[in-house]
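**Q** Structure in C-alpha cells, see below.
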Amino acid sequence: MQCGTGHLPGGCQKTMGLHCVLVLCLFSGWAVGYKQGDNVTLYVNKVGPYHNPQETYHYYTLPVCRPEKVHHKSLSLGEVLDGDRMAESLYYIRFKENVEKKTLCKLTLSEKQVDELREAIEELFYFEFVLDDIPIYGFVGYIEESGFLPHSHKVGLWTHLDFNIEYNGNTVIFANVSVKDVKPVPLEEGAGTAMGGVGVGGGSLTVTHTYSVRWFESTLPHARRAERLRDYSFFPKTLEIHWLSIINSLVLVVLLLGFVIIILMRVLKNDFARYNVEEEGGCDDLDHGDNGWKIIHTDVFRFPPHKSLLCAVLGVGAQFLTLATGIILMALLGMFNVHRHGSINSAAIVLYALTSCVSGYVSCSFYTQINGQRWVWNIILTSSLFSAPLFLTWSVVNSIHWWSGSTQALPATTVLLILGAWVLVGFPLTVIGGIVGKNRAGSFQAPCRTRNIARQIPTQPWYKHTAVHMSIGGFLPFSAISVELYYIFATVWGREYYTLYGILLCVFAILLSVGGCISVALTYFLLSGEDYRWWWRSVLSTGSTGLFIFVYSVFYYRNRSSMSGMVQSTEFFGYSLLTAMVFSLMLGSVSFWASLGFIRYIYRSLKMD
C-alpha cells in the first residue's frame, strides 16, 4: 500500500515549549509520587504508518478528540530529535480510580474527514500516547480483507479504548491500551451507514469516543519498571540473545589473529634471517640485489599525496572511535533508560561536539609530522569532512519531512540550538585541538631515510590491485558484524529496544580487531611486491567496509522491512550513507595506525649500526 500521508490535514503546532539544554540528565529520572485521586496526565504524541517508523505526524493532525487550546509539553533535545510532539489530552485519569466507559467527546465528521481516517487505517496508522514517561501504543482502527470472489474489504474505527495501568505504592509501573471485547465502528465509503454510536446525516458521521481506566497493583518496584516495558511489547518481538553469532565472530577473530601472529611472524622471521646477513652498514647500505619489502626501505616512508585529506580522515575517524566507545560505555552504565525518550540522540550530539577536539588534535598533529604547511586549511577540512555531508543530508531529509507535515521535521529553535552547539562548541574545540596538536607534534619517527628520487614500482599481479584489497579488507570485517548489524538495523529502523550493550561492546572490539589484522596482512603483501604506496591503500582496504554496510542496508530495505514511500526512503538511504561513511572513517583510521605500527616495527628490526 502506498503511503499517501501528504493528504493528512495540518502540520505540527508551531507553539511548542522546548526544554533543550546541553548539560543532559541522562540517568533515569526521579520517581513521580501520586496520592489517591491525583491527576495523572496522559499526553498524546504522534501517529504514523506501522511499516514506516520514521514517518510520524502529530496525533491531532487526525480528526480526533482534541481540546480547544492545545498545550504542549516541554521536551528535551533528544525527544524533539526523536520526533516527539507531546500535548495534553482530553483523557482524565486519576490515580487508582477506575473509570468505566466515560465519554471523551462527540465528533461530527465530514465526508472528507471520514476519508482521511479510512486512509490512515488502511495504511495501518498506529498512535503513541505517553503516561508518566511510559509509551502506550495502539492502532487507530481495524482493517479486514478476506475472500477473492467476492472480495471483502472492511475498515473500522476504534472509538473506545481500555487503559490498563499498573501501580506500586504511589508510583506508576506500567500502562497499556487494549480494544479487547470492543467492536470497531465501520467506516463506509463516502460516510455511508454505520452502527454503534454513529449517526448519519447530510453526508457526515457523528461518532462518540469513550474510554475506561482500570488500575492493577504490581509488586515490581519503580526502579525496575523498565523490565516490565521490555517484557511487554505492542510490536512483535524478534530480537533474542544471539550467542551463536558472537561465537562465530570470536572464532573469526581467533583465526585472523592466528594468521597474523603465527603465519605472518614466521614469514617475517625468515625475512629477517635473510635480510640481516650483513651486520655492518646502515639501513641505506642493504644489499640491493635482494627483493621484497627490504628493497623499498628508502621509499616506504615517502609521504603520500593529499596529506591534508588523509590527516582529516584519520582525525575524524579517531573522533568517531571515541564517540562510539563513549556511547557504548554510557549505555553499559545504565544511562539510557528505555523510559528516557531520545536520550541516546542527545548524548550523541553532545559527545560529537565535545570530541571535536580529538579530531583536531589527531589530524593537525600528524599533518605537522608529515611536513604539512597549510595547517589552518587542515583544521577547516577536518571540521567539515563529516559535518558538511551531515548538514546536506539532513537538509534534504528535513525538507521532505517539513513538506509532508511530519513531526520528524525539526523546529527552527532546535535547528538553531544544534547549529549553535557546533559553532560555539564543536568548531572551537576542533581549532583548539588542532593548535595543541600542532604545537605538541614531534618528528615522524621514520627508521629509514627517504631518498629524493622515488623508486619505480614493478607491475603488480591482479590480486594485489586496490579493488581486490578493498574487497577482501571490507568483506571480512563486515562478515564479523553482519548478524549483529541486523539487530542494530531492527532497532534503529524498527521498533525494538536494544539492551544487549555488553554484546555490542564485544562486537565493536571484534570489528576493530579484525580491521587491524586484515590491514596488517594486506600491507605486508603490498610491501612484499615492492609497492610502497601503502598510505592510502591501508585506509581504503578496511575502510571499504562502509560500502558493504550500505549494500546491506539496501538489502535490508528490500527484503527485511516493509518500509515504503518517499519520506521513509529518503531518510533511510540518506542516513544509511552517513552510517557507511562513519564506519569507513573509523575502520580506515584503525587500519592506518595498525599498518603504520607494523611497518615501523619491521624496518626498525633490520640490523643497523
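A Cβ is built for glycine as well, from the same backbone N, Cα and C atoms used for every other residue.
According to TrEMBL, the signal peptide annotation covers 1-33. What TrEMBL records for 243-265, 309-336, 348-368, 375-397, 409-436, 467-489, 501-527, 534-557, 577-603 is transmembrane segment.
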**Q** Taking 309-336, 467-489, 534-557 as candidates, which has the most Cβ pairs under 8 Å with the transmembrane segment (577-603)?
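**A** Selected stretch: 534-557, with the most Cβ pairs under 8 Å.
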**Q** Any chance the transmembrane segment (309-336) and the transmembrane segment (501-527) have 3 or more Cβ pairs under 8 A, given the pairs are 6 or more apart in sequence?
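**A** Per Cβ check, the transmembrane segment (309-336) touches the transmembrane segment (501-527).
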**Q** Test the contact criterion for the transmembrane segment (409-436) and the transmembrane segment (348-368): 3 or more CB pairs under 8 Å, pairs 6 or more apart in sequence, then answer yes or no.
**A** yes
**Q** Near the transmembrane segment (375-397), which same-chain residues lie under 8 Å Cβ to Cβ, leaving out any that are not at least 6 residues past its ends?
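**A** Distal contacts: 308-309, 311-313, 315-316, 320, 356, 359-360, 363-364, 367-368, 408, 422, 426-427, 430-431, 434, 438, 570-571, 574-575, 577-578, 581-582, 585.
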**Q** Can you work out which residues elsewhere in the same chain, 6+ from the ends of the transmembrane segment (467-489), have a Cβ less than 8 Å from its Cβ atoms?
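**A** Result: 239, 242, 245-246, 248-249, 252-253, 256, 496, 498, 500, 503-504, 507, 510-511, 514-515, 518-519, 522, 526, 537, 540-549, 552-553, 556, 560, 587, 591.
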**Q** For the transmembrane segment (243-265), what are the same-chain contacts with Cβ under 8 Å, counting residues 6+ beyond its ends?
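**A** For the transmembrane segment (243-265), the nonlocal Cβ contacts are 476, 479-481, 483-484, 503, 506-507, 510, 513-514, 517-518, 520-521, 524.
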**Q** Same-chain Cβ contacts of the transmembrane segment (501-527) under 8 Å, 6 or more residues past its ends?
**A** 241-242, 246, 249-250, 252-253, 256-257, 259-260, 264, 267-268, 292-293, 296, 300, 321, 324-325, 328-329, 331-332, 464, 469, 472-473, 476-477, 480-481, 484, 488, 533-534, 537-538, 541-542, 545, 586-587, 590-592, 594-595, 598-599
